[in-house]
Every structure is written in structure tokens, then in C-alpha cells.
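Okay, so here's the structure we're looking at.
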Amino acid sequence: MDQFKPFIAKLATGSSLTRAEAEAAFDQIFAGEVTPAQLGGFLMAMRVRGETVDEIIGAVTAMRARMVRVDAPTDAIDIVGTGGDGHGTFNVSTLASLIVAACGVPVAKHGNRAASSRSGASDVLSALGVRTGLDSAGVEACIRGAGIGFMMAQTHHTAMRHVASARVELGTRTIFNLLGPLCNPAGVTRQLLGVFSQAWLEPLAQVLQALGGKHVWVVHGSDGLDELTTTGPSFVTALEDGAIRSFTITPEMAGLPQATLADLKGGDPETNAAALREALGGKKSAYRDIALLNAAAALVIAAKAKDLKEGVLIGAKAVDSGAASAVLAKLVALSNQDNRAA
């Protein structure tokens, strides 16, 4: 408790923590050694000043050290968003993940229940019949047999129980909104990572660069979505071969029509699950288009497609052939066959 006070004192002066200081501070937080008052003061001091790249690297390092790991193929990918964009859209990354798995790229999907929308990845998967909350062996069996496994944040980041009530009571974004997508329990080095603000594109790419990321796109839609959007341009900061570059993409570059935000709105988990099943069944819609765009980006990241146009064609074939629907059926069967849910 007393060991934590110097970190608060430093932040109170407007100074930032070094990488080592941030790691030490978050190690104490994840060990449950910090009082609620200390935690609240610490998080808000950091938020008001603005979290630095070194502070995030230190926090991620501490969080990764305590996570319950999953063994996945080295070429596995995660399609994930920070959430918190406030738009309540359809579960784009979940549908995109199923499409990518059907294209032969292993997917180690990390997610949670809804934060700002009515239906998070875990919510819609449960509505589809997938058993979430599996332990590492259960997730590994799903990845082996279905090409995709879902890792529930609470199951694999048990240390987060020490911050759960403070996050709810603060009721505003903190550094923890950024940490989850940066701490995939399967240790993926390939990611399509959507963020709630364009300001975080470069910083998060720098964090992943420092922590061994190989090929990552950090993305934000011009409409505010934490995904590649089909309503207009999307901003991308890519990490590849150790180098970072930024560019803009449009749905037209992928051969897709433009949509409106209203077209992309989601509902409750059951509504979104029904729409997802329809999309997997080949129904043409704005949901299908935005999922194909994000799947195409993941296929480019995974070196399965040379560009977005080719990625969309490969993804559409996986949907229209029934392969993506078959992936979901396998995931449902394997997740329920395993009795190791936490």
C-alpha cells in the first residue's frame, strides 16, 4: 500500500511513469495490493494527463505476466476492438473472425461481454450456441478442430477482478479499455485491432512494436467505429517487419458499396445472432459487406490475400460455399463437448 504512494505522487505532479515504474505499479494493482482510493486516484491522474506509450507497455507487460495462456499456432490472428465507440453496431469482428477461420487462418479471438453496445462478442457467441468461458485446453481444442477459439477475458485475466469494481464506479474510460486487446492470451503477433479514437492509432502500434508484434493493423473508422467501416474512409496505422506506416482505405478500394451508420446498427444478442446466421447463409447486406472488409484486412495481415479486393473475394467464397457456416457449427459442437468451462 505504502509502496504504491510514490507512483500516485509522481502522477500528481503531471509527470509520467517510466516503463519500469508502470510495470511495478500495475503488478501491485494486479496482486490486489492497492486500495480502491489509490486505484481510482491513480487511474484518473493517468487518464487526465493522457496515458503514454511507456506506461501502456509497462501495464501490458504486467498484465501479460499474469494471464492464463493458450497455446495457438504461430500464424494465429485476432480480430478485436477496444469497444467504447458508443455506436452499438452489429458484431462485425465476430462474423469476420468466422469468415477468416473458414479461409484457413487460425483465429484466437479474445473478447468480453458488451461494454458500450447491447451485444459484445461473448454475448452474441452465447446466443449462437457457443459455450464461452472455456479453459485453455478447451479453447485449444476449438482452435485445432474448428480453426477458431474464443478466450473469455474474465477466464484468462483473473487478476482483473481487482479492478472491476473501480472501473464500474469510475464510469469513464481508463487505461484498462486499451489493455485487453493488447493482452491476447494466445500471444498472437498478428492482429486487426480497432480503436475508439484516431488519436490512439500510432501509440498502440508503437506499443505492439515494442512488445513483439509482427503484422498488425490498428484501425479507426472516420464515422467513429472501432472497425474498418463501410460508411466512408478508415484510418490505418500498420506495423509490419518492424516498421510503422499510416494510410487510409475506403470500401471502394475493396470493391464494396458504401453504407450508412444506420445500416450497421445492431440489437440485442439474439437479434445480432440471427443476422449473423443470415449473413453466413449468404444473405447480402451491409452486415455482410463490413464483415467482408474486416475479414479481407485480416487476410492481408495473414498473407492470405495480396490486397483488400482479393481478400473480399476469398472471404465471400468462404461464406457462399458454406465453409464459414460450417466453422460456426464446429465451434458450437466443440465448445459444448468440452466440460472445462471456468
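Glycine is no exception: its Cβ is also placed from the backbone N, Cα and C atoms.
Database features, via Swiss-Prot:
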type: BINDING; residues: Gly81, Asn112; note: anthranilate 1 binding site
type: BINDING; residues: Gly81, 84-85, Thr89, 91-94, 109-117, Ala121; note: 5-phospho-alpha-D-ribose 1-diphosphate binding site
type: BINDING; residues: Ser93, Glu227; note: Mg(2+) 1 binding site
type: BINDING; residues: Arg167; note: anthranilate 2 binding site
type: BINDING; residues: Asp226, Glu227; note: Mg(2+) 2 binding site
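Structural mapping of features recorded in Swiss-Prot.
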{"residue": "Gly81", "record": "anthranilate 1 binding site", "contacts (Cβ under 8 Å, 6+ apart)": "Ser93, Pro181, Leu193, Gly194, Val195, Phe196, Asp226, Glu227"}
{"residue": "His110", "record": "5-phospho-alpha-D-ribose 1-diphosphate binding site", "contacts (Cβ under 8 Å, 6+ apart)": "Asp78, Val80, Phe150, Met151, Ala153, His156, Gly180, Pro181, Cys183, Asn184, Pro185, Ala186"}
{"residue": "Asn112", "record": "anthranilate 1 binding site", "contacts (Cβ under 8 Å, 6+ apart)": "Gly83, Gly120, Ala121, Ser122, Met152, Ala153, Gln154, Gly180"}
{"residue": "Arg113", "record": "5-phospho-alpha-D-ribose 1-diphosphate binding site", "contacts (Cβ under 8 Å, 6+ apart)": "Gly120, Ser122, Asp123"}
{"residue": "Arg167", "record": "anthranilate 2 binding site", "contacts (Cβ under 8 Å, 6+ apart)": "Thr174, Phe176"}
